[in-house]
Amino acid sequence: MRRKKFLVIPVFLCALGAAIYFRQNLEAEAEPLRKEFFAMDTYMTFTAYGRGAGQALDQAEEEMKRLEKEWSVTDADSKIYQVNHSGGNPVTLSDETAQIVKFALSMAEETDGALEPTIYPVLSAWGFTTGEHRIPEEEELEELLQTVGYEKAELSGNQLRLPTGTELDLGAVGKGYAGDLTAELLREQGITSALLDIGGNIQAIGAKPDGSKWRLGIRSPFGEGQIGVLEIIDCAVVTSGNYERYFVGEDGKEYGHILDPETGYPVDNGLASVTIITEQGKLGDALSTSMFVKGLEGAVDYWKNHRDFDMILMTESGEVYLTEGIQDSFMLSESFANLDLQVIDSLS
Ligand code: ADP
Ligand code: MG
């Protein structure tokens, strides 16, 4: 009789353990939760799995909207707007804004000014900021380029000072950094499997709930369809190109929203798109824009000197270049199987 009593407790504990195990498994396998919203001038789709996903996604959306308010170039309440209209006086930034400004300035230096966070006045002249597109005169561009130069920005601790006329724009790096901060927030909430689509910038948290890799379709810069599939775990995938935001001028030419800071004209160097694969979204974002500005040769040289990222370069004539680290993770789709695919390795 006594032995039976001793048995009841372990059996009960086992049953409880099994119930908890099955419940957790059920939750892990549950349908993903999805949230779609508009922020930072783009559509965002966040997908998360597991316990607490709904609440975590609500917080993620709030975080994106908070950062948008802080970094907007057009909202008079934003810190960036205040710096841009401070008449040369210093403005104190929050820690996270100071950090992204510091990062943008250091990447501008590292890429020899291909990333130029003070290009905004030139971007405005082309009408990319309002949608009222026009082709500025060359003299107008030359004059505006006088205000451009990341080295004009003075950041000391959290204090930023810009000379009158110089304007800072985090458009090329902000979404990447916002992705990093949001991913961190989701991880703190216990989320181990999620995919953030930030207007085409992808931030993957962990793997899919079953442990397999995320399969991302890489959009064709030549029109409809996906040129291939990239398999990833726990990283950021960021693409830049002039095929999404552009206008057709009166001269019939296409003008894209990524500018060459040396000339003030939209980049037109034969590259159709650049996709960067990195651990950090902010690095991916800074590099996707700047490697697009540098062009094929410049981007390959930069990669050979750094190698802390992978990339996919597509040219307008239909060549695809991959760095060696992702050659086994990328597959061309059937309809693009005829594209010329080349691997960039450290030796070539
Ligand atoms: P998207 O924001 O469309 O995903 P990017 O990350 O490449 O693409 O950022 C492009 C934006 O960056 C432009 O819309 C503009 O605000 C700004 N920009 C354009 N040219 C440059 C440049 N050479 N350096 C830094 N920012 C740029
Ligand atoms: Mg970018």
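Just so it is clear, glycine is given a Cβ too, placed from its N, Cα and C backbone atoms.
Sequence-distant neighbours of Thr289 (Mg(2+) binding site) (same chain, 6+ residues apart, CB-CB distance under 8 A): Ala114, Leu115, Ala172, Val173, Ser240, Ile258. Residues or ranges marked as Mg(2+) binding site by TrEMBL: Ala172, Asp285, Thr289.
What TrEMBL records for 50-77 is coiled coil.
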Spatial neighbours of the coiled coil (50-77) far in sequence, C-beta under 8 Å, 6+ residues away:
24, 27-28, 30, 32-33, 35, 37, 39-40, 44, 84-85, 94, 96-97, 100, 120, 129, 167-171, 174, 178, 181-182, 185-186, 189-194, 196, 198, 209
If H, G and I count as helix, E and B as strand, and all else as coil, what does DSSP give for Asp285 (Mg(2+) binding site)?
helix
Around the Mg(2+) site formed by Ala172, Asp285, Thr289, which additional residues qualify by having Cβ within 8 Å of the site's Cβ center?
Leu115, Gly171, Val173, Lys175, Gly176, Val238, Ser240, Ala286, Leu287, Ser288, Ser290
I'd like to know which of the binding-site residues Ala172, Asp285 has the most other Cβ atoms within 10 Å of its Cβ.
Asp285
Tell me the coarse DSSP state (helix, strand, coil) of Ala172 (Mg(2+) binding site).
coil
